[in-house]
Amino acid sequence: MASTSIPSPSGAPATAPTSSTHHHPQPQSSSPPVNTVTNKDYDISHPLDPNGGAIGLRQNLTSYGDAHFSLFMRKLFIKAMGYSEDALSRPIIGIVNTYSSFNPCHANIPQLIDAVKRGVQLNGGLAIDFPTISLHESFASPTSMYLRNLMSMDTEEMVKAQPVDAVVLIGGCDKTTPAQLMGGISANKPIIHLITGPMMPGSFQGTRVGACTDCRNNWAKFRAGTLDIEDMTALNEELAPTSGTCGVMGTASTMACLLVALGLMPLSLPSATAPAVSSARLRVAEHTGALAVQLSQSQLKPQDLLTRESFLNAITVLQAIGGSTNAIVHLMAIINRHPSLAGTISLRTIDDIGRKTPLLVDLKPSGNNYMTDFHNAGGMLALLHQLRPLLHLDAMTVTGRTLGEELDSIPFRPLPSSTELSQIIHPFSSPLYPSSSLIVFDPSKSNLCPIGGAVIKASASKYRRLLQHRGQAVVFNGPADLARRIDSPDLDVTPHSVLILQHIGPIGLHSPGMPEAGMIPIPRKLAVQGVEDMLRISDGRMSGTAGGTIVLHVSPEAADPESVLGVVRDGDWIVCDVEGRSLEVELSGEEIERRKRERREEIKGASKEGEEEGNWQKRERMRGYRGLYMREVNQAEEGADFGFLTAAGPKGNEKGEGGR
């Protein structure tokens, strides 16, 4: 019989009759047919255990009640996309695709995916991308923080559901990378991060400008009358001249640096600092793909890779770069997703590390420069060499080597001290700020934040005298009240006043999501006099690109009936002592409790009279994601995560405790 050799489903040679072969009827047999299938995927005589160390397509099978049939169905559908058995037999590297036309920070993701795929396939893997939620700061209402936990859920469930041996998490904009790491730790499959990279600076009247420190500084000048509408129109064209994340040490850049410090992005290439529009960013992407294949073989999972020392290194870097205060909230949420580490690191840990860590990186808002300068000055490799005495060098990285081994093996030559770029990363002997760039107020010394504390980026203060200040409160009862009165000529305010904004915490009064409204505008009547900074206090956040003497994340938030911040009134004396870590309202304990009782009665009365209730009161009746968020979100010191998503799981909080 003439025959020709063709590939079998498993890739092994098999024979098939030629077109000239005649077929003759075969006698019927009462015995079952002999199974001659060479592809074990279809060999029903051998059990297929999708949870017993299965890899590639054989893991995480859809439940049809028959594992072999589930795999058969999966393969027939994926083959509709043109994949061969050879391709499908390789380690599968998932690529999380967070591209969106609403997200200019992620505009280069299609090119990055191509480069990652090249790196995967050059190293013997099969790269398959899949989408998740994409978040951009300016295109998420009410806030991107409100949606961070939803994105983490999306990431966790899609990573767990897909048949992937390792995953490349591509992100960039502020809440994206924290959400991906939160979900990645919970899913606990091998992960590696790839950021989109910072944008390039633009130019305005011969001066470099960039999002978004210069957005805020120039808007303040516009409010003060020193810039006009034509100036703002021109600036609007230059502040974000390319795709990529904000080009200063905002939250996106901070999280990028922390991912390197955590060991989740490679140090051998400028993975944190290469600009979004550079060829270097594409080479980082290709290398990330290669490392993902290595991870698929080593099966180094985030719950094994990340140790307490990994996070202590990240906190050291956070202080040394003068990073975003938002990173504190994100780090607490990330840590509390880790079953072995939850509860082992607190805000006190961040403050303790700050006391011995100098600010070394001269970038806005604490300094004067941009991420492109940090990149050209050596980036994270140069910084970690400076910080080496403070680091835990035995912490593991995605390469399978320790941080110390990475620093020893990667060629590094410091810039000559005579060059201008050498001043971007200061030496230990000449820091930009001596210590404690980010400070945590001690709840035991602070009656304004007696449970969860509060934070301030001291290095970004414009008037350092305000770091120790006593002044009378000017209180705004939420963003709407602020917008209505901040520029009133009748506002009773002086440069020595303390501006307080209530009800912008995780739950808030009417709008949830802890908005970045903590950088309360300087009242226009003072701005036109040249006032550029005042002590400002809120339970909300501010952009990592913002600066000023601004106290944030006050906990409990004002929406909580037990909050002290919620009962502060105009004229109360506020005392802020950053060095002493205390934040006080000069009221007796008895007066505070009296005001709380009075407030609770007012809330009850408003409900009976049909007035609109606040989020805290009506959250049990809210539907959809908003209701889930309101009922489950915890306070800033715990990361503003959902209680049921943490490593501890649901805690059965009593109604009204707000996840504390």
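Any Cβ shown, glycine's included, is placed from N, Cα and C.
Bear in mind that TrEMBL entries carry predicted annotations, made automatically and left uncurated.
If you check TrEMBL, you get these features:
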{"type": "REGION", "residues": "1-45", "note": "region 'Disordered'"}
{"type": "COMPBIAS", "residues": "1-33", "note": "compositional bias 'Low complexity'"}
{"type": "DOMAIN", "residues": "90-405", "note": "domain 'Dihydroxy-acid/6-phosphogluconate dehydratase N-terminal'"}
{"type": "DOMAIN", "residues": "423-640", "note": "domain 'Dihydroxy-acid/6-phosphogluconate dehydratase C-terminal'"}
{"type": "REGION", "residues": "589-621", "note": "region 'Disordered'"}
{"type": "COMPBIAS", "residues": "591-621", "note": "compositional bias 'Basic and acidic residues'"}
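Proximity of distant same-chain residues to the region 'Disordered' (589-621), defined by a Cβ-Cβ separation under 8 Å and at least 6 residues beyond the stretch ends, is recorded for 447, 503, 507-510, 512, 559-562, 564, 566-567, 569, 627, 630-631, 655-656, 658. Sorting the compositional bias 'Basic and acidic residues' (591-621) by DSSP state (H, G, I as helix; E, B as strand; all else coil) yields 25 helix, 0 strand, 6 coil. Across the domain 'Dihydroxy-acid/6-phosphogluconate dehydratase N-terminal' (90-405), mean pLDDT in this model comes to 97.
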